[in-house]
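Down below is the structure, laid out as C-alpha coordinates.
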Amino acid sequence: MCQQSLPEKDNTVPKTDVSLPPLSYTLFRALLSVALIANVAVWMQNVAAAWLMTSLSTSPLMVALIQTAISLPAFFFGIPAGVLADRVDRRKLLLSIYVWMMLASTLLVVVVELDVVGPWSLLCLVFLSGIGSALTLPVLQASISDTVPGASLLPAITLNSIAYNTARALGPALAGLIIAGVGVHAVFVLNLVLLLIVLLVLVFCYTTVARPQPPNAAISAVREGLVYVRNERLLHGYLLRVIAFTGCASSLWAMLPLISKLVVDGEGSYGYLLSSLGFGSVIGGFSLSWLRTRCADLDSLLSLSTILFAVSMLVVAWIPPLPVMYVMLILGGMAWINFTSPINAAFQGGLPAWVMARAIAVFLLSFQVAMAVGGVIWGLVASVFGVTQALSAAAIGMMLSLLLARRYPTPGGQ
(Lines of atoms letter the chains of each structure in order from A and count residues from 1; the text may use other names and numbers.)
(Lines give C-alpha, C1' and ligand atoms only; values in the text may rest on other atoms or scores of the structure.)
Protein backbone atom coordinates (compact mmCIF):
# COMPACT_ATOMS: atom_id res chain seq x y z
CA MET A 1 0.00 0.00 0.00
CA CYS A 2 1.24 3.51 -0.79
CA GLN A 3 0.24 4.75 2.61
CA GLN A 4 2.41 2.21 4.38
CA SER A 5 5.48 3.05 2.30
CA LEU A 6 5.38 6.78 3.00
CA PRO A 7 8.55 8.01 4.71
CA GLU A 8 7.83 9.62 8.01
CA LYS A 9 9.30 12.93 6.87
CA ASP A 10 6.69 13.16 4.12
CA ASN A 11 3.83 13.17 6.61
CA THR A 12 4.71 16.63 7.82
CA VAL A 13 5.71 19.80 6.08
CA PRO A 14 9.49 20.16 6.53
CA LYS A 15 10.42 23.22 8.53
CA THR A 16 13.14 24.46 6.22
CA ASP A 17 13.86 27.36 3.95
CA VAL A 18 15.60 25.07 1.44
CA SER A 19 13.61 24.90 -1.78
CA LEU A 20 13.39 21.34 -3.12
CA PRO A 21 11.42 20.32 -6.22
CA PRO A 22 7.79 19.80 -5.11
CA LEU A 23 7.71 16.37 -6.75
CA SER A 24 10.35 15.18 -4.29
CA TYR A 25 7.62 15.07 -1.63
CA THR A 26 5.49 11.92 -1.67
CA LEU A 27 2.37 13.61 -0.35
CA PHE A 28 2.51 16.29 -3.01
CA ARG A 29 2.81 13.64 -5.73
CA ALA A 30 -0.28 11.89 -4.38
CA LEU A 31 -2.21 15.15 -4.14
CA LEU A 32 -1.17 16.13 -7.66
CA SER A 33 -2.33 12.74 -8.95
CA VAL A 34 -5.72 13.24 -7.32
CA ALA A 35 -6.07 16.71 -8.82
CA LEU A 36 -4.98 15.58 -12.29
CA ILE A 37 -7.22 12.52 -12.53
CA ALA A 38 -10.23 14.27 -10.99
CA ASN A 39 -9.88 17.26 -13.29
CA VAL A 40 -9.62 15.02 -16.36
CA ALA A 41 -12.90 13.43 -15.25
CA VAL A 42 -14.54 16.81 -14.63
CA TRP A 43 -13.48 18.26 -17.98
CA MET A 44 -14.62 15.14 -19.82
CA GLN A 45 -18.03 15.38 -18.20
CA ASN A 46 -18.27 19.13 -18.86
CA VAL A 47 -17.50 18.63 -22.56
CA ALA A 48 -19.99 15.78 -22.85
CA ALA A 49 -22.70 17.80 -21.08
CA ALA A 50 -22.14 20.87 -23.27
CA TRP A 51 -22.19 18.79 -26.45
CA LEU A 52 -25.30 16.95 -25.30
CA MET A 53 -27.02 20.29 -24.68
CA THR A 54 -26.39 21.36 -28.29
CA SER A 55 -28.46 18.35 -29.37
CA LEU A 56 -31.18 19.03 -26.81
CA SER A 57 -31.56 22.77 -27.50
CA THR A 58 -30.47 25.23 -30.18
CA SER A 59 -30.75 28.22 -27.84
CA PRO A 60 -27.40 29.97 -27.20
CA LEU A 61 -28.66 30.80 -23.72
CA MET A 62 -29.32 27.16 -22.83
CA VAL A 63 -25.89 26.14 -24.10
CA ALA A 64 -24.28 28.99 -22.15
CA LEU A 65 -26.16 27.93 -19.01
CA ILE A 66 -24.06 24.76 -18.93
CA GLN A 67 -21.10 26.97 -18.00
CA THR A 68 -23.27 28.68 -15.38
CA ALA A 69 -24.37 25.34 -13.92
CA ILE A 70 -20.72 24.31 -13.68
CA SER A 71 -19.58 27.53 -11.99
CA LEU A 72 -22.58 28.65 -9.91
CA PRO A 73 -22.17 26.05 -7.11
CA ALA A 74 -19.05 27.92 -6.01
CA PHE A 75 -21.29 30.85 -5.05
CA PHE A 76 -23.17 28.70 -2.55
CA PHE A 77 -20.51 26.25 -1.41
CA GLY A 78 -17.09 27.82 -2.03
CA ILE A 79 -16.71 29.65 1.29
CA PRO A 80 -18.29 26.85 3.40
CA ALA A 81 -15.78 24.51 1.76
CA GLY A 82 -12.98 26.84 2.85
CA VAL A 83 -14.30 26.80 6.42
CA LEU A 84 -14.45 23.00 6.42
CA ALA A 85 -10.94 22.78 4.97
CA ASP A 86 -9.63 24.91 7.83
CA ARG A 87 -11.46 22.87 10.48
CA VAL A 88 -11.59 19.17 9.54
CA ASP A 89 -9.35 16.45 8.18
CA ARG A 90 -8.86 17.44 4.54
CA ARG A 91 -8.36 13.86 3.36
CA LYS A 92 -11.69 12.73 4.82
CA LEU A 93 -13.34 15.83 3.38
CA LEU A 94 -12.00 15.05 -0.09
CA LEU A 95 -13.18 11.45 0.20
CA SER A 96 -16.69 12.61 1.09
CA ILE A 97 -16.78 15.10 -1.77
CA TYR A 98 -15.66 12.61 -4.40
CA VAL A 99 -18.24 10.09 -3.20
CA TRP A 100 -20.87 12.81 -3.75
CA MET A 101 -19.53 13.46 -7.25
CA MET A 102 -19.72 9.74 -8.03
CA LEU A 103 -23.36 9.64 -6.94
CA ALA A 104 -24.25 12.68 -9.07
CA SER A 105 -22.37 11.25 -12.05
CA THR A 106 -24.09 7.89 -11.62
CA LEU A 107 -27.48 9.60 -11.81
CA LEU A 108 -26.37 11.39 -14.97
CA VAL A 109 -25.31 8.09 -16.54
CA VAL A 110 -28.69 6.55 -15.72
CA VAL A 111 -30.82 9.32 -17.26
CA VAL A 112 -28.64 9.43 -20.39
CA GLU A 113 -28.71 5.65 -20.84
CA LEU A 114 -32.50 5.62 -20.38
CA ASP A 115 -32.80 8.54 -22.83
CA VAL A 116 -34.95 10.57 -20.43
CA VAL A 117 -32.65 13.58 -20.12
CA GLY A 118 -33.89 17.03 -21.15
CA PRO A 119 -32.27 20.50 -21.16
CA TRP A 120 -33.34 21.44 -17.64
CA SER A 121 -32.70 18.03 -16.09
CA LEU A 122 -29.22 18.11 -17.65
CA LEU A 123 -28.58 21.53 -16.11
CA CYS A 124 -29.72 20.27 -12.70
CA LEU A 125 -27.45 17.23 -12.83
CA VAL A 126 -24.48 19.30 -13.99
CA PHE A 127 -25.18 21.65 -11.08
CA LEU A 128 -25.21 18.73 -8.61
CA SER A 129 -21.89 17.50 -9.94
CA GLY A 130 -20.58 21.06 -9.88
CA ILE A 131 -21.23 21.19 -6.15
CA GLY A 132 -18.50 18.60 -5.74
CA SER A 133 -16.10 20.55 -7.93
CA ALA A 134 -16.82 23.73 -5.98
CA LEU A 135 -16.13 21.98 -2.69
CA THR A 136 -12.85 20.44 -3.85
CA LEU A 137 -11.27 23.63 -5.20
CA PRO A 138 -10.37 25.37 -1.90
CA VAL A 139 -9.60 22.05 -0.21
CA LEU A 140 -7.09 21.01 -2.88
CA GLN A 141 -5.55 24.49 -3.02
CA ALA A 142 -5.13 24.69 0.74
CA SER A 143 -3.79 21.13 0.90
CA ILE A 144 -0.76 22.10 -1.19
CA SER A 145 0.73 23.86 1.82
CA ASP A 146 0.28 20.61 3.79
CA THR A 147 2.55 18.73 1.40
CA VAL A 148 5.49 21.07 0.72
CA PRO A 149 7.45 23.61 2.80
CA GLY A 150 6.93 27.31 2.26
CA ALA A 151 10.04 27.65 0.11
CA SER A 152 8.56 25.19 -2.40
CA LEU A 153 5.02 26.60 -2.36
CA LEU A 154 5.22 28.76 -5.49
CA PRO A 155 6.60 26.00 -7.77
CA ALA A 156 4.08 23.59 -6.22
CA ILE A 157 1.21 25.95 -7.07
CA THR A 158 2.59 26.35 -10.59
CA LEU A 159 2.82 22.56 -11.00
CA ASN A 160 -0.74 22.28 -9.75
CA SER A 161 -1.82 24.84 -12.36
CA ILE A 162 0.05 22.92 -15.07
CA ALA A 163 -1.65 19.69 -13.95
CA TYR A 164 -5.03 21.43 -14.04
CA ASN A 165 -4.43 22.73 -17.54
CA THR A 166 -3.01 19.40 -18.67
CA ALA A 167 -6.31 17.92 -17.57
CA ARG A 168 -8.08 20.69 -19.44
CA ALA A 169 -6.21 19.65 -22.59
CA LEU A 170 -6.42 15.89 -22.08
CA GLY A 171 -10.00 15.69 -20.79
CA PRO A 172 -11.70 17.47 -23.70
CA ALA A 173 -9.51 15.66 -26.26
CA LEU A 174 -10.42 12.27 -24.78
CA ALA A 175 -14.06 13.29 -24.59
CA GLY A 176 -13.99 14.35 -28.24
CA LEU A 177 -12.48 11.05 -29.34
CA ILE A 178 -14.95 9.02 -27.28
CA ILE A 179 -17.98 11.03 -28.43
CA ALA A 180 -16.95 10.63 -32.06
CA GLY A 181 -16.12 6.93 -31.73
CA VAL A 182 -18.61 5.57 -29.21
CA GLY A 183 -21.06 8.24 -28.12
CA VAL A 184 -21.61 10.80 -25.40
CA HIS A 185 -22.87 8.21 -22.92
CA ALA A 186 -19.45 6.50 -22.83
CA VAL A 187 -17.84 9.71 -21.57
CA PHE A 188 -20.13 9.77 -18.55
CA VAL A 189 -19.30 6.12 -17.81
CA LEU A 190 -15.54 6.72 -18.02
CA ASN A 191 -15.97 9.69 -15.70
CA LEU A 192 -17.26 7.30 -13.05
CA VAL A 193 -14.23 5.03 -13.48
CA LEU A 194 -11.81 7.94 -13.06
CA LEU A 195 -13.57 9.14 -9.91
CA LEU A 196 -13.22 5.63 -8.47
CA ILE A 197 -9.47 5.78 -9.14
CA VAL A 198 -9.33 9.11 -7.31
CA LEU A 199 -10.96 7.54 -4.27
CA LEU A 200 -8.44 4.68 -4.30
CA VAL A 201 -5.50 7.11 -4.41
CA LEU A 202 -6.92 9.07 -1.48
CA VAL A 203 -7.50 5.90 0.55
CA PHE A 204 -4.14 4.23 -0.03
CA CYS A 205 -1.64 6.91 -1.04
CA TYR A 206 -2.47 10.12 0.81
CA THR A 207 -2.40 11.20 4.43
CA THR A 208 -2.93 14.64 5.89
CA VAL A 209 -1.09 16.69 8.45
CA ALA A 210 -2.70 17.04 11.86
CA ARG A 211 -3.64 20.68 12.45
CA PRO A 212 -4.94 22.36 15.61
CA GLN A 213 -8.69 22.81 15.56
CA PRO A 214 -9.83 26.45 15.57
CA PRO A 215 -11.95 27.25 18.61
CA ASN A 216 -14.57 29.37 16.84
CA ALA A 217 -17.87 28.05 15.51
CA ALA A 218 -18.49 27.48 11.82
CA ILE A 219 -20.63 30.60 11.29
CA SER A 220 -18.06 32.69 13.12
CA ALA A 221 -15.36 31.11 10.99
CA VAL A 222 -17.16 32.18 7.80
CA ARG A 223 -17.51 35.71 9.13
CA GLU A 224 -13.91 35.72 10.26
CA GLY A 225 -12.67 34.75 6.79
CA LEU A 226 -14.81 37.37 5.06
CA VAL A 227 -13.75 40.07 7.51
CA TYR A 228 -10.11 39.20 6.98
CA VAL A 229 -10.37 39.58 3.20
CA ARG A 230 -12.43 42.76 3.55
CA ASN A 231 -9.90 44.35 5.88
CA GLU A 232 -6.85 43.29 3.90
CA ARG A 233 -7.09 45.97 1.24
CA LEU A 234 -3.97 44.65 -0.48
CA LEU A 235 -6.05 41.65 -1.59
CA HIS A 236 -8.74 43.75 -3.26
CA GLY A 237 -6.69 44.45 -6.37
CA TYR A 238 -6.28 40.72 -6.98
CA LEU A 239 -10.01 40.11 -6.67
CA LEU A 240 -10.97 42.99 -8.97
CA ARG A 241 -8.58 41.81 -11.67
CA VAL A 242 -9.89 38.24 -11.42
CA ILE A 243 -13.53 39.32 -11.67
CA ALA A 244 -12.93 41.62 -14.65
CA PHE A 245 -10.80 39.13 -16.57
CA THR A 246 -12.89 36.04 -15.87
CA GLY A 247 -16.24 37.75 -16.43
CA CYS A 248 -15.21 38.62 -19.98
CA ALA A 249 -13.33 35.36 -20.62
CA SER A 250 -16.44 33.38 -19.66
CA SER A 251 -17.90 34.34 -23.04
CA LEU A 252 -15.40 32.09 -24.82
CA TRP A 253 -16.06 29.11 -22.56
CA ALA A 254 -19.83 29.59 -22.91
CA MET A 255 -19.87 30.10 -26.69
CA LEU A 256 -17.29 27.51 -27.72
CA PRO A 257 -19.82 24.65 -28.14
CA LEU A 258 -21.75 26.81 -30.60
CA ILE A 259 -18.54 27.90 -32.33
CA SER A 260 -17.66 24.23 -32.82
CA LYS A 261 -21.00 23.68 -34.55
CA LEU A 262 -20.31 26.59 -36.91
CA VAL A 263 -16.72 25.60 -37.69
CA VAL A 264 -16.72 21.80 -37.78
CA ASP A 265 -20.20 20.56 -36.88
CA GLY A 266 -18.89 17.09 -36.12
CA GLU A 267 -19.17 14.95 -33.03
CA GLY A 268 -16.17 15.55 -30.81
CA SER A 269 -15.21 18.86 -32.44
CA TYR A 270 -15.99 20.85 -29.30
CA GLY A 271 -13.63 18.65 -27.31
CA TYR A 272 -10.81 19.24 -29.79
CA LEU A 273 -11.29 23.02 -29.73
CA LEU A 274 -11.44 23.08 -25.94
CA SER A 275 -8.35 20.89 -25.68
CA SER A 276 -6.48 23.51 -27.72
CA LEU A 277 -7.08 25.97 -24.91
CA GLY A 278 -5.79 23.42 -22.43
CA PHE A 279 -2.76 22.62 -24.57
CA GLY A 280 -1.94 26.32 -24.74
CA SER A 281 -2.21 26.52 -20.97
CA VAL A 282 0.32 23.71 -20.59
CA ILE A 283 2.75 25.52 -22.90
CA GLY A 284 2.13 28.75 -21.02
CA GLY A 285 2.75 27.04 -17.69
CA PHE A 286 6.18 25.83 -18.72
CA SER A 287 7.11 29.24 -20.16
CA LEU A 288 5.75 31.22 -17.22
CA SER A 289 9.05 31.53 -15.33
CA TRP A 290 10.79 32.81 -18.47
CA LEU A 291 8.02 35.32 -19.10
CA ARG A 292 7.96 36.62 -15.52
CA THR A 293 11.65 37.51 -15.69
CA ARG A 294 10.93 39.67 -18.73
CA CYS A 295 8.00 41.57 -17.25
CA ALA A 296 8.62 44.55 -14.99
CA ASP A 297 6.11 43.43 -12.37
CA LEU A 298 2.96 41.40 -11.83
CA ASP A 299 0.71 44.06 -13.35
CA SER A 300 2.72 44.03 -16.57
CA LEU A 301 2.37 40.26 -16.86
CA LEU A 302 -1.37 40.38 -16.15
CA SER A 303 -1.91 43.19 -18.66
CA LEU A 304 0.03 41.35 -21.36
CA SER A 305 -2.01 38.20 -20.74
CA THR A 306 -5.25 40.19 -20.82
CA ILE A 307 -4.41 41.72 -24.20
CA LEU A 308 -3.41 38.36 -25.69
CA PHE A 309 -6.60 36.64 -24.50
CA ALA A 310 -8.78 39.49 -25.79
CA VAL A 311 -7.13 39.38 -29.22
CA SER A 312 -7.52 35.60 -29.36
CA MET A 313 -11.19 35.84 -28.44
CA LEU A 314 -11.82 38.57 -31.02
CA VAL A 315 -10.27 36.51 -33.83
CA VAL A 316 -12.22 33.39 -32.81
CA ALA A 317 -15.43 35.45 -32.76
CA TRP A 318 -15.28 35.99 -36.50
CA ILE A 319 -14.95 32.26 -37.29
CA PRO A 320 -11.55 32.09 -39.02
CA PRO A 321 -10.33 28.98 -40.90
CA LEU A 322 -9.91 25.99 -38.62
CA PRO A 323 -6.06 26.08 -38.44
CA VAL A 324 -6.21 29.74 -37.41
CA MET A 325 -8.89 28.87 -34.86
CA TYR A 326 -6.64 26.26 -33.24
CA VAL A 327 -3.66 28.64 -33.13
CA MET A 328 -5.72 31.42 -31.54
CA LEU A 329 -7.15 29.04 -28.94
CA ILE A 330 -3.65 27.82 -28.06
CA LEU A 331 -2.54 31.45 -27.62
CA GLY A 332 -5.65 32.07 -25.53
CA GLY A 333 -4.76 29.12 -23.31
CA MET A 334 -1.25 30.50 -22.83
CA ALA A 335 -2.71 33.87 -21.86
CA TRP A 336 -5.16 32.18 -19.49
CA ILE A 337 -2.55 30.44 -17.35
CA ASN A 338 -0.18 33.42 -17.52
CA PHE A 339 -2.95 35.42 -15.88
CA THR A 340 -4.54 32.95 -13.47
CA SER A 341 -1.46 31.16 -12.12
CA PRO A 342 0.61 34.23 -11.11
CA ILE A 343 -2.33 36.05 -9.56
CA ASN A 344 -3.34 32.90 -7.68
CA ALA A 345 0.19 32.41 -6.33
CA ALA A 346 0.50 36.09 -5.40
CA PHE A 347 -2.83 35.99 -3.57
CA GLN A 348 -1.90 32.87 -1.60
CA GLY A 349 1.65 33.98 -0.89
CA GLY A 350 0.72 36.50 1.78
CA LEU A 351 -2.01 34.52 3.54
CA PRO A 352 -1.56 33.32 7.13
CA ALA A 353 -2.12 29.60 7.69
CA TRP A 354 -5.06 30.07 10.09
CA VAL A 355 -7.30 31.63 7.41
CA MET A 356 -5.71 30.30 4.22
CA ALA A 357 -8.47 27.97 3.00
CA ARG A 358 -11.21 30.52 3.69
CA ALA A 359 -9.34 33.31 1.92
CA ILE A 360 -8.62 31.01 -1.03
CA ALA A 361 -12.34 30.17 -1.08
CA VAL A 362 -13.14 33.89 -1.45
CA PHE A 363 -10.65 34.12 -4.31
CA LEU A 364 -12.13 31.07 -6.05
CA LEU A 365 -15.65 32.35 -5.33
CA SER A 366 -14.85 35.56 -7.20
CA PHE A 367 -13.50 33.50 -10.08
CA GLN A 368 -16.42 31.08 -10.31
CA VAL A 369 -19.17 33.65 -9.80
CA ALA A 370 -17.68 35.77 -12.58
CA MET A 371 -17.73 32.67 -14.81
CA ALA A 372 -21.33 31.84 -13.86
CA VAL A 373 -22.76 35.35 -14.18
CA GLY A 374 -20.71 36.02 -17.28
CA GLY A 375 -22.07 32.86 -18.90
CA VAL A 376 -25.65 34.07 -18.40
CA ILE A 377 -24.92 37.60 -19.62
CA TRP A 378 -23.05 36.55 -22.74
CA GLY A 379 -25.61 33.84 -23.45
CA LEU A 380 -28.35 36.48 -23.42
CA VAL A 381 -26.28 38.77 -25.65
CA ALA A 382 -25.70 35.90 -28.09
CA SER A 383 -29.41 35.04 -28.13
CA VAL A 384 -30.28 38.62 -29.14
CA PHE A 385 -27.34 39.71 -31.29
CA GLY A 386 -25.48 36.52 -32.22
CA VAL A 387 -22.44 34.53 -31.10
CA THR A 388 -19.92 36.63 -33.03
CA GLN A 389 -21.25 39.85 -31.55
CA ALA A 390 -21.23 38.44 -28.01
CA LEU A 391 -17.61 37.31 -28.26
CA SER A 392 -16.56 40.61 -29.85
CA ALA A 393 -18.22 42.59 -27.07
CA ALA A 394 -16.50 40.41 -24.46
CA ALA A 395 -13.12 41.00 -26.11
CA ILE A 396 -13.70 44.76 -26.08
CA GLY A 397 -14.78 44.57 -22.44
CA MET A 398 -11.60 42.69 -21.56
CA MET A 399 -9.49 45.39 -23.20
CA LEU A 400 -11.39 48.03 -21.25
CA SER A 401 -10.62 46.14 -18.03
CA LEU A 402 -7.04 47.36 -18.43
CA LEU A 403 -8.35 50.77 -17.36
CA LEU A 404 -9.55 49.14 -14.15
CA ALA A 405 -6.04 47.80 -13.65
CA ARG A 406 -4.68 51.35 -13.76
CA ARG A 407 -7.22 52.45 -11.16
CA TYR A 408 -6.74 49.42 -8.90
CA PRO A 409 -3.24 48.00 -9.47
CA THR A 410 -2.39 44.71 -7.83
CA PRO A 411 0.00 44.99 -4.88
CA GLY A 412 2.22 42.13 -6.09
CA GLY A 413 5.42 42.58 -7.97
CA GLN A 414 7.80 39.90 -9.08
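Positions of Cβ are set from backbone N, Cα and C atoms, glycine also.
Annotation comment: TrEMBL describes 19-407 as domain 'Major facilitator superfamily (MFS) profile'.
Taken from TrEMBL, the feature transmembrane segment covers 30-52 (among others). For the transmembrane segment (30-52), same-chain residues at least 6 beyond its ends with a Cβ under 8 Å from one of its own Cβ atoms are 2, 23, 63, 66-67, 70, 94, 98, 105, 108, 112, 117, 122, 126, 129, 133, 136, 140, 143-144, 147, 159-160, 163-164, 166-168, 170-172, 174-176, 178-179, 184, 187-188, 190-191, 194-195, 197-198, 201-202, 205-206, 256-257, 267-268, 270-271, 274, 278.
Through the fold, the transmembrane segment (64-85) approaches residues 46, 49-50, 53, 93, 122-124, 126-127, 130-131, 133-139, 142-143, 218, 221-222, 225-226, 250, 253-255, 257, 357-362, 364-365, 367-369, 371-373, 375-376, 378-379, 382 of its own chain, all at least 6 residues removed from its boundaries and within a Cβ separation under 8 Å. Annotated transmembrane segment per TrEMBL: 64-85 (among others), in sequence order.
What TrEMBL lists as transmembrane segment is 97-114 (among others).
Beyond its flanks by at least six residues, the transmembrane segment (120-140) meets 31, 34-35, 38, 42, 45-46, 49, 52-53, 56, 62, 65-66, 69-74, 76-78, 81-82, 84-85, 90, 93-94, 97-98, 100-101, 104-105, 107-108, 111, 160, 357-358, 360-361, 364, 368 of its own chain at Cβ-Cβ distances under 8 Å. The transmembrane segment annotation in TrEMBL covers 120-140 (among others).
The annotation transmembrane segment is assigned in TrEMBL to 147-167 (among others).
Look at TrEMBL and you will find 173-206 (among others) tagged as transmembrane segment. Cβ atoms under 8 Å from those of the transmembrane segment (173-206) belong to residues 1-3, 27, 30-31, 33-34, 37-38, 40-45, 47-48, 51-52, 91, 94-95, 98-99, 101-102, 105-106, 108-109, 112-113, 266-272, 275, 278 of the same chain, restricted to positions at least 6 beyond its ends.
Sequence-distant contacts of the transmembrane segment (238-259) (same chain, six or more residues past either end, CB-CB distance under 8 Å): 50-51, 53-54, 60, 63-64, 66-68, 71, 229, 270, 273-274, 277, 302, 306, 309-310, 313, 316, 319, 325, 332, 336, 339-340, 343, 346-347, 362-363, 366-367, 369-375, 377-379, 382, 387, 390-391, 393-395, 397-398, 401, 404-405, 408, 410-412. Residues or ranges marked as transmembrane segment by TrEMBL: 238-259 (among others).
If you look up TrEMBL, you'll see 271-291 (among others) marked as transmembrane segment.
Same-chain neighbours of the transmembrane segment (298-319): 241, 245, 248-249, 251-252, 259, 262-263, 291-292, 325, 328-329, 331-332, 334-336, 338-339, 342-343, 346, 387-392, 394-396, 398-399, 401-402, 405, 409-410, 412-414, counting only residues six or more beyond its ends whose CB sits under 8 Å from a CB of the stretch. Among the features that TrEMBL reports, transmembrane segment is placed at 298-319 (among others).
Here the transmembrane segment (325-347) has long-range neighbours at 141, 153-154, 157-158, 161-162, 165, 168-169, 235, 238, 241-242, 245, 249, 252, 259, 263, 273, 276-285, 287-288, 291-292, 298, 301-302, 304-306, 308-309, 311-313, 315-316, 319, 359-360, 363, 367, 410, 412, meaning same-chain residues at least 6 beyond its ends whose C-beta is under 8 angstroms from one of its own. According to TrEMBL, the feature transmembrane segment maps to 325-347 (among others).
Long-range neighbours of the transmembrane segment (359-381) within the same chain, counting only residues 6 or more positions beyond its ends whose Cβ lies under 8 Å from a Cβ of the stretch, are 60-68, 70-75, 78-83, 85, 134, 137-138, 141-142, 225-226, 228-229, 235, 238-239, 242-243, 246-251, 253-255, 340, 344, 347-348, 351, 389-391, 393-394. The transmembrane segment annotation in TrEMBL covers 359-381 (among others).
What TrEMBL lists as transmembrane segment is 387-405 (among others). Sequence-distant contacts of the transmembrane segment (387-405) (same chain, six or more residues past either end, CB-CB distance under 8 Å): 60, 240-241, 244-245, 247-252, 255, 258-259, 262, 299, 302-303, 306-307, 309-311, 313-314, 316-319, 374, 378-379, 381.
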For the transmembrane segment (147-167), distant same-chain residues with Cβ under 8 A (at least six beyond the ends): 13-23, 25, 27-28, 31-32, 35-36, 39-40, 42-43, 140-141, 278, 281-282, 284-286, 288-289, 333, 336-337, 340-341, 344-345, 348-349
